[in-house]
């Protein structure tokens, strides 16, 4: 039987697959993420997810490999993971009191088939005070997350409204993924 391999070291993606009872192993993709001249955030996340999955699939061609990538956008500006605390603060100030978009792209690669898809979710933040932002940054939580916040952690207190898939904002649209895996004859709904 073909194994499912997650090409990511993200603890959040690991937790979501476990939550859905998807059997998998982890092989972290060491690919250097490169963003080319893409026309849209959806193209970017699907391309990055495919790069990650392809790097692992190259040496695991008998198995099914999952890659994923998440970005936050606000007014056509891409907000990836902050490089330092100052950049995290700048991002949180930018998102304060506003609605932004979170895109998560997923690639599923098997020997005979490749599927890519994305989910787009709108997230609206409350107005944030400087003290709230500083305290959050001091927790270190935002430093490894796209857009400088984790909706599943302390960053949840900043969220006023969400429209779309919550789990996509966490890092993996698990409901859609489970449905897409059926194309590969993997059905975890009866597990």
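Cβ atoms here come from the backbone N, Cα and C positions, even for glycine.
Here the structure is a predicted model, which means the values were calculated and not measured.
Within 10 Å of the C-beta of residue 69 (active site, proton acceptor) we count 27 further C-beta atoms, all protein chains included. Among the features that Swiss-Prot reports, active site, proton acceptor is placed at 69, with the record citing sequence analysis.
Counting only same-chain residues at least 6 apart in sequence, those with a Cβ under 8 Å from the Cβ of residue 12 (site 'Important for substrate specificity') are 150, 152, 170, 171, 172. Swiss-Prot lists 12 (among others) with the feature site 'Important for substrate specificity'.
Using a 10 Å Cβ-Cβ cutoff, residue 70 (site 'Important for substrate specificity') registers 29 neighbours. Residues annotated as site 'Important for substrate specificity' in Swiss-Prot, with sequence analysis given as evidence: 70 (among others).
Taken from Swiss-Prot, the feature site 'Important for substrate specificity' applies to 152 (among others). Taken residue by residue with DSSP, residue 152 (site 'Important for substrate specificity') is part of neither helix nor strand, so it is coil.
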